[in-house]
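Take a look at the structure set out below.
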């Protein structure tokens, strides 16, 4: 099964999840430092990213892994507070600049394309102290940070992601409070953070477009997470509509303003307005974009970056009591099929990725698509011979093959999560997504390839999948 040239060849990491060195060389604290140091069992065994994979001092080891696999692309994120300790350009930490310069230069020397994420969940604590994503002031601060990165690294970086999974961060960090910064403003916080993130992304895109694109000739987008929503009963109109609301609230909430017309989906606006009225709010809990803002937001992405891990069945669940919450606004319930295998929240549903790719193609005018994350975890302790996990990848590649060759989806890059076992947010080190095993007990943090790494390298080398014997 042959793939288009260089389709499979990427692996990502994220700064807080791998770097460690949380207070090394002038790095300022980020919200995940604060969140994990506060304890309270919000993270598995109160684990932290203080050391993680040690990539801040062990970059050379990561580079060996990248070369061993023959990667074409390496996606990494910049620790905002390592570059700018208080989040602003008032003070620049040169040692942080040097670290990322070395990564970029080493990748290019070895023929690997850097894909750089500006912000992957790790907001500088100094900015959170001023309101974080709930404050409109963050929009200009993010734009200045983005411009600093474009001017510092953009002569060598052609592919940028502004914000990683804003939809996850808004719900988990500012609505439910399960993620850092742990703000629990149910029914309001997530929407407010999202409103500011969309505008911040758009501002950064325009800055690139007007100040850097002509010379640097790069591309800018953002990465959106999506759980594919499958109607529980495909013959039930109620469930079909519930699945439509599910993808509208989760995915189109960000994608439609940015890729289509600068505004939220009509279904989302009407659902939240109707619930807000029932709850006695004087106006909708979802802010409105001005006409000027809609023009500013529309069309601010140069490719479509999506992250898929799993699927859920969706059923209609009427919000009779007018309860607050995103799922309650959407009037949906999510659940898994008991027959789906998997670890933790990742149920293995390879066909979901093909459905999602087709949805993007049909809804967003057949864009160039990058899958910037997709993966399967093992429980700790993991098996180095992870043949069963590789089978999940193999089935996924078969679905990608069909999406490309049968459905004519314009997929141009696939990145498996992740290069290394790492700090998996609330799961700490208990879930292992890496293609390389990391021994977190050993101070040297040795990296050892799983069977999956060797198989992934074969796909890169052969530009396709060998059929199972």
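Cβ atoms here come from the backbone N, Cα and C positions, even for glycine.
According to Swiss-Prot, the protein has these features:
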BINDING   17, 120, 164, 309, 417, 424, 425  substrate binding site
ACT_SITE  165  active site, proton donor
ACT_SITE  373  active site, nucleophile
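All features noted in Swiss-Prot, drawn onto the structure.
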residue: 17; record: substrate binding site; Cβ neighbours (10 Å): 26
residue: 120; record: substrate binding site; Cβ neighbours (10 Å): 23
residue: 164; record: substrate binding site; Cβ neighbours (10 Å): 25
residue: 165; record: active site, proton donor; Cβ neighbours (10 Å): 23
residue: 309; record: substrate binding site; Cβ neighbours (10 Å): 23
residue: 373; record: active site, nucleophile; Cβ neighbours (10 Å): 25
residue: 417; record: substrate binding site; Cβ neighbours (10 Å): 25
residue: 424; record: substrate binding site; Cβ neighbours (10 Å): 21
residue: 425; record: substrate binding site; Cβ neighbours (10 Å): 23
Task: substrate site span - longest C-alpha distance across 17, 120, 164, 309, 417, 424, 425, in Å - done: 18
Open item on the list: I'm trying to understand the geometry here, so how far is the Cα atom of residue 417 (substrate binding site) from the Cα atom of residue 373 (active site, nucleophile), in Å to the nearest whole number?
Closed with: 5
Task: Length of the line joining the Cα atoms of residue 424 (substrate binding site) and residue 165 (active site, proton donor), in Å - done: 14
Task: Neighbours of 17, 120, 164, 309, 417, 424, 425 excl. site residues, C-beta within 8 Å of centre, substrate - done: 14, 121, 165, 373, 418, 422, 433
- [ ] Would you mind sorting out which of 17, 120, 309, 425 (the binding-site residues) have a C-alpha within 10 A of the one on the residue listed as 'active site, nucleophile'?
- [x] 309
